[in-house]
Amino acid sequence: MKNHVQTHNKSLDEINNTVSINTHGKFSQKLFSFLGPGLLVAVGYMDPGNWITSMQGGAQFGYILLFVILLSSLSAMLLQSMTIRLGISTGMDLAQATKHYLNKPVAFVFWIIAELAIIATDIAEVIGSAIALDLLFGIPLLVGALITVFDVFLLLFIMRFGFRKIEAIVGTLIFTVLVIFVFEVFIASPHVTEVLNGFVPSSTIITDNGALFIALGIIGATIMPHNLYLHSSIVQSRMYDRNSIQSKAHAIKYATMDSNIQLSIAFIVNCLLLVLGAALFFGVNTEQLGGFYDLYNALQNQPLLGASLGAIMSTLFAIALLASGQNSTITGTMAGQIVMEGFINLKIPNWLRRLITRLIAILPIIICLIVFNSNEAKMEQLLVFSQVFLSLALPFSLIPLQLSTNDKRLMGQFKNKLWVNIISWCLIIILSILNIYLIIQTFQEL
């Protein structure tokens, strides 16, 4: 590796070093000034991809996959804290650090995989938004998918009001989703003992190929590659002293608190989704268990709710789904910009970047809709496959993150502690082994 020299461009230059922080007030005031980037990252942990994998996990295997959500969320907290340290201590995002650390041909391969991961993320957002538009307004899935092309202009409009406003809008939408699902799980009345037992490890997760497939989907939907790139960049939006070790340490401390708080909320939402799927569907013999349409119809026809309340709750569910898809669009756009600028130093207009990504993402969806005659179950299956691809792509983000954050020449006193190295390498190795096992099993069953 080359010696680190601060010659790289600023990450996301338009928001870099633009948000003031409180360094002399009370603890709560200091923390509040850092709250925000974690919200944008948490969005990726509760996007439509999480919805379908968590709901299908609950519907097909009851509560046993709650342990996977817990493990994934704790792992995510550690990994996001590593991206925070990388961004604040070096002034580089993960894409820039990867390019800096690897030789050009290898970095190019990693860039392609990062771009494909962002497209896979976008597929989930398009499908979720298209289904929400169908549920709310009866818009055909094909038309709904095409309509999502125009949300490319959403971020451009919101960005005019400043980065802090984006954080506030995203936070409001996340809170809305949380409240909706807390109430819906309350109505579904799951058995508390069974839910708590779901957090205990079960061998079924490994021995049952179906459970392993959904478990990897949950991991892929929870620990998302684009979030690692995103977080390492947007933490640099705060106006800490770039030349002060003490100021950087202060920023890392509060940015990590922000991250852990928001990821805890995302953890709760994902658990609620799985519990909802299990409470309504586990043991029910249907062709497609725990899909968006199934859950929407179940809420609408839930005897406990009655006709009027059922209609309200199913509509709220669809609104939350649409909000989730749009939230993820905001962060996906930023991540795409970070990856393209960081790896190949190519700056193109945001609207064009977004349009290219969205058009590529829509292509497999349109093919799926045409070939399977707008079959809803096939759309939801495509979404699950997109999440499994994210799980396969994850090591290509994790390995550069691990190598970069453990390099003293790059990180100085902020390099990884021994326990961080042990856990992060274990995560990378275990995930890689599970991925290889899954691929072998999948091909054997073809």
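Using N, Cα and C of the backbone, Cβ positions are placed for all residues, glycine too.
As annotated by Swiss-Prot, transmembrane segment applies to 32-52, 59-79, 107-127, 139-159, 168-188, 210-230, 264-284, 303-323, 355-375, 381-401, 420-440, with the evidence given as sequence analysis.
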Where, among 32-52, 107-127, 264-284, 355-375, do we find the most CB pairs under 8 A to the transmembrane segment (168-188)?
264-284
I'd like to know if the transmembrane segment (139-159) touches the transmembrane segment (59-79) in this structure, counting it as a touch only when three or more C-beta pairs sit under 8 Å and are separated by 6 or more positions.
no
Intrachain neighbours beyond the transmembrane segment (355-375), with Cβ under 8 angstroms and 6 or more residues off its ends:
118-119, 122-123, 125-127, 130, 140-142, 145-146, 148-149, 151-152, 332-333, 336, 382
Please identify the stretch among 32-52, 210-230, 420-440 with the greatest number of Cβ pairs below 8 Å relative to the transmembrane segment (381-401).
210-230
Tertiary contacts of the transmembrane segment (420-440), as residues 6+ beyond its ends and Cβ separation under 8 Å:
75, 78-79, 82, 209, 212-213, 216, 219, 388, 391-392, 394-395, 398-399, 401-402, 405-406
